[in-house]
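Presented below is the structure to which this report refers.
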Amino acid sequence: FQTTMERQVTLLIFLLSFGFVLGQVSYTIPEEMSKGSLVGNIAHDLGLQISRLKSGKARIFTRDSEEFVELNRERGVLLVKERIDREALCKQTTPCALHFQIILENPMEFYTVTIQVTDINDNPPIFGKREMKFKISESAVIGATFVLERAVDLDVGVNNLKSYNLKPTDNFALKLHNSADGNKNVEMVLQKPLDREKQEQINLVLTAVDGGEPQMSGTMQIVITVLDVNDNAPVFTQKTYKATVTENSPKGTVVATVTASDADEGSNSKITYSITNTFDNVRKMFKISEETGQISLIDDIDFEIARRFQINVLASDNGGLTDSSKLIVEIMDVNDNKPEIRIMSKSNVISENAKPDTVVTMINIEDLDSAENGLVKCFINENIPFILKSSSNNFYSLVTDSELDRERASEYNITVSCSDEGVPSLSSSVTLTLQISDVNDNAPVFERSSYEAYIVENNTPGLSIFTVKATDADWNQNARVSYILEDSSVNGVPVSSYVSVSADSGVIHAVRSFDYEQIKDFRFHVKAQDGGSPPLSSNVTVKILIQDQNDNPPQVLYPVQTGGSVVAEMVPRSAEVGYLVTKVVAVDVDSGQNAWLSYKLQKATDRALFEVGLQNGEIRTIRQVTDKDAVKQRLTVIVEDNGQPSRSATVIVNVAVADSFPEVLSEFTDSTHDKEYNDNLTFYLVLALAVVSFLFITCLVVIISVKIYRWRQSRILYHSSLPVIPYYPPRYSDTLGTGTLQHVYNYEVCRTTDSRKSDCKFGRAASQNVLVMDPSSTGTMQRMQGEKSILDEPDSPLEQKPPNNDWRFTQGQRPGPSGATGGPEVAMGTGPWPQPPTEAEQLQALMAAANVSEATATLGPGTMGLSTRYSPQFTLQHVPDYRQNVYIPGSTATLTSNPQQQQATAQQATQQALPPPQAAAQAEPPKAAQTPASKKKSTKKEKK
């Protein structure tokens, strides 16, 4: 390595007060040295022993993580660790050097090492583009410059870019300019005129060469497209052209074509032709195509008028350059009078059933020429069912030659041509258009000899299945086709109950929903009838194929599921792996893939013991049966078909793992009983829960409804401004002061099975409830715990007993009209009853009576209630009609069960004596006339 490396060593050693030595070493190496190459003997250059490198644990320290040089302490040398690329390390910076430190310990020393990397010629010049394109006009002046792209060489110094070379140099030369940044600008200079007609494209190669050893280069292709300039005039191929034309040639006849060429291209080579004649009739007789130079006739030429024409032609390009030529046209004399054809009479329409030799048209022919040029022969086109007959001199008749068929040809264009015998012969022609009228001679024809259509089962009635199509070769009404479903039956059922056919369109609709399992296909006939007279028809057979749909679940045939008994498969405990326990057999009435069944084990007592065959449904053991396995094994197998969506069925397979039948019998007998018991218990619990929930919700709704109703009624009464005056019957009074009721009132009591919950309550014997009339009392009536209705005792004797003395009212305590106060006669019981209430007061009383049930249940402040204390023998017939006066808003009296209040009330009632019966009778108030409203309310109350 020392032969390829130039090394310069500079050693500076300084003794520092800190106790370590500082030194510096420099090396110079070329780039791209291979790994392991020797950089220098660092131990020798620093004057160190190899043992010092080892004991001092010499190492290299760099400020970056990448190390290109490594230290070999065994040899005391520096070696190349990684490939050094000067271009990647320093780019264009020179000089390029690596700086690092070698550190030793015990004592601490460090040395600075600098390795200068020199460049080698390892990079060729590179162009940014592989190809440059220029478009240069052929009229470009000499000396025009075109800037080229510079090449880049990553090397430096002598290895950098040195020169450029351009080849070939026929039209262009290379010119270099030094720029301010030290680089060279490359220009291409035109030194010879360009000619597109000689060379349309020029290809050059620009080469960049560096100064290294070995020398390296890079190339770039230069493609120059020469743009055209109009520098060439058009040139005719001939100076004089000659042509001949026959007189009476038709207009547009091409006489001749002149041609000129232009060496330019594009728009510069586009030539325009024109006729330059001015004083003669050439422009009226001939025209020339501006693009092609084709000269044709635009008027009739008559030899008798002009026998020769000279046409001057000019060719010019878009740049204004021109060339000229001339055309000599000779006119040839011919038989120029053609025969004249006149139609004497004709028929435009003929029936297709016309007989042969029917005359269609009469024609007259005349030719003005004479001699042989005046002899005329006429004929018509071939392959048509007509002929031309000559009836007399120059008269012809067009007649039918065979039978006509409108379906083969509905129209004929008959051309009658006549020519004379001149040289050349002249001719004329006329075309006759003949329509063939239709006759109904074709029956409708179906597109197919038979039809097959498919429909998926479970279709919607009215679904369009497919369309039959028939065509009639006739025309108009004769071709109008109607479709009819012919009468037939399918399995004894009229086919019209299966399908229907649209008379106009031929669309077949399903009348019913089909079931593939009941009918898989059926046939019927459709008749197509045209509208002719008489009509013609044809039939076609249609076959409908029902396609299966997955609408049936699999049906399990085995094991049979019985409701009363348990069927179990026995498996001995000695069963090996793969033992066949049983096989689930199922079928699917569908077809195709809808009937492909697969078996899966859905649930199992022990999934690790059994498996089910996916395709065959065989249940086999998948391991050895052990004594720990339960005797009763319950498997749930699901059977699925392959339809979309798939349908399934489940079957329960009971498996007994036992060696003896008694063991199996006892196990399954107990389990069956337990299962039935558990099933029944679950059913009853669910049923009881549902009933209780329903009753609870019903009661809750009823209670809320009643509360709302009562609250609204009470609000109506409290907010009413009318006085509350209950109305009492005339016979409402005590007689003879005995406290008994002289007049008897009979009531009918209707009870329901739920009467125990009624608001109608009667006190038992020995009840201590009394009526408290103290106006200041604000208590409430408390129901006794031992209260029981006598209606609950159907065997109780309904024996009449006199009422207690507690059923008395003083005159001041008796209810009267609103705002009435008792006078002395009222207190003594001798005054008259108040005046009968008004209709408004009766209405208030009726509304108050409607709340009697609420009043007997709970009485709040400001109300008056009624309670009784009778013996068990008390009957309803002793009670007066209190339906109108048991609840009076505005009173402060309440019912109570306080014994002290009851005793005070009893004493007060004893002291207040009632007036004699006569006085009471005299004080009977007059009956008030009932209004319609009061009658209506009373009727409703009686019904209740």
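Any Cβ shown, glycine's included, is placed from N, Cα and C.
Automatic, uncurated: that is what TrEMBL annotation is.
Annotation comment: TrEMBL describes 899-933 as compositional bias 'Low complexity'.
Under the heading compositional bias 'Basic residues', TrEMBL lists 934-944.
What TrEMBL records for 23-127 (among others) is domain 'Cadherin'.
The domain 'Cadherin' annotation in TrEMBL covers 128-236 (among others). DSSP states for the domain 'Cadherin' (128-236), grouped as helix (H, G, I), strand (E, B) and coil, give 3 helix, 57 strand, 49 coil.
The annotation domain 'Cadherin' is assigned in TrEMBL to 237-341 (among others). Predicted-model confidence for the domain 'Cadherin' (237-341) is 87, expressed as mean pLDDT.
Taken from TrEMBL, the feature domain 'Cadherin' covers 342-446 (among others).
Annotation source TrEMBL lists domain 'Cadherin' at 447-556 (among others).
Shown for the domain 'Cadherin' (571-668): DSSP residue counts in helix, strand and coil, namely 12 helix, 43 strand, 43 coil. If you look up TrEMBL, you'll see 571-668 (among others) marked as domain 'Cadherin'.
Sequence annotations record features per position, and here TrEMBL assigns region 'Disordered' to 776-838 (among others).
Residues or ranges marked as region 'Disordered' in TrEMBL: 890-944 (among others).
Annotated signal peptide per TrEMBL: 1-23, in sequence order.
For 681-706, the entry in TrEMBL reads transmembrane segment.
Counting only same-chain residues 6+ beyond the ends of the transmembrane segment (681-706), none has a CB under 8 A from a CB of the stretch. The helix, strand and coil residue counts that DSSP assigns across the domain 'Cadherin' (237-341) are 8 helix, 48 strand, 49 coil.
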